[in-house]
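J.: Let me begin by handing over the structure; questions about it come next.
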């Protein structure tokens, strides 16, 4: 039951982040629900497709969908002013990221996958929902540009696998890995930590456009 | 045989809508065929991946591909003037939406999936082709922004499942659900029906840009 | 072993092309690695999902991931000047395209798939990595716009299937199809070969914007 609660908490956090993006983009109520539900359940669906679980759990297990849709509806009706929405997006996204990475990895290992597979599946589950959200609203996904985003997911998944491999159980692994990922991600945002960028000669310091 | 015809009609309708978008974007002949074929077969491929059908039917059953490619080629050579293309896109897209949502849902239920799974799989099959088309040409998918788009798909899939569950058969379910979805979608376009959008204080009525 | 080397060469070529795009877009070191690894392994992961291989080979077989990550890191630290990056992108992308299309198709046929399925799976494996790369960085995928891109992939996959069907073996098929695809693609770039575009009345010669 704790495990189920962690799972639903991750879905809710991502659904809230997706619905907030939908509100910011001025989508209608169903557009907000579609982005929210796709963000909340998308990472888990990707995980299930990769592991060969048919149909994906979220297509069968109605609480997942109810949580994602209800969270999106709440955001549609009750949301912060436009200028403050981004802050909430980042926080909910960080919670989704941590919960999914650790949980997905711990679960994959416990179900008999190899450690490397488990870490990768957890990471994909964590970043997948956000990538779906960002591709849907036609933005470069945050995983490519945000502070320590993928690092946090990898670390959370890796720690969770380590805890489970050492006999700590899925729930302990999810909590240790998830908390670490959330704290690292939010700290990196607060402090503005970035990884190094490529070096160019002075006149080319900006990204070039994509004209062919 | 009626069932097969409905399936191919849905593929053709989506392929035409995809190829029209390709023509409007001035892609070359193969670009038009690739967008058309991906739009026509994409929803069904997603459905098969979710249900664990390997390889997806469209990779094995050549009529699906022939219909999608032939429809795209026809559009490349014979298409309306640029200013009128959008109208045709919307109509063909609505037919694809209705046929796929009802058909996919009825088929999933008849093959033993749970009702909720069937409705979701039908909806994904219906909106999947259009999402692939819109993401490929770098636009926000219509499912997030167009009039009653996802509502029509959900309703079509739901009605189809209801008809099949009440003993009406897959073909009756496909026809009832599909017709309803097409009529609802096209009426919503003609009347400009929209679902409500989020409310903001006056000075923030427009969607904000995505600058980080 | 030759087969394994061809596989890794394809992954490396696509990873280099993806990482170069990441550098051009000024992503940080992990963003570059994520785009590079997703581009290098993405086509094969799509192939495995379509064929029902769970989990995809790249999630289990560490050399695939090591090659993709190492290649991306090399690009991050040692890359051409911005004005010359595109040329390298195109060349590495062509090698990935050729190796993946022929290899994927030959392998699918040898594992018992139908010829049409094998050609399509090879083509998807070849263009999939590039589509993932281009969608991630928010560009219209090259498969829709670049010179003879999809033609080269289809031809490479078709030739590979023909060679294997005639008893030539997977390695011979991969080499013949792959070389042909690479040569055709690079020649089409050098000569500026394009397939025909749709014809419009004079005042509408340009692609229209996507405003609704």
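Counting begins at 1 with the first residue displayed.
Here the Cβ of each residue, glycine as well, is placed from N, Cα and C on the backbone.
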J.: Could you tell me which of the ranges B:59-78, B:179-198 is annotated in TrEMBL as transmembrane segment?
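T.: Based on what TrEMBL states, transmembrane segment spans B:59-78.
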J.: If you run through the domain 'Glycine transporter' (B:91-162) with DSSP, how many residues end up as helix, strand and coil?
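T.: Split into helix, strand and coil, the domain 'Glycine transporter' (B:91-162) gives 60 helix, 0 strand, 12 coil.
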J.: Are there three or more C-beta pairs under 8 angstroms joining the transmembrane segment (B:59-78) and the transmembrane segment (B:90-110), sequence spacing 6 or more?
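T.: By the criterion, they do not touch.
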J.: Give me the DSSP three-state residue breakdown of the domain 'Glycine transporter' (B:5-79), ordered helix, strand, coil.
T.: 62 helix, 0 strand, 13 coil
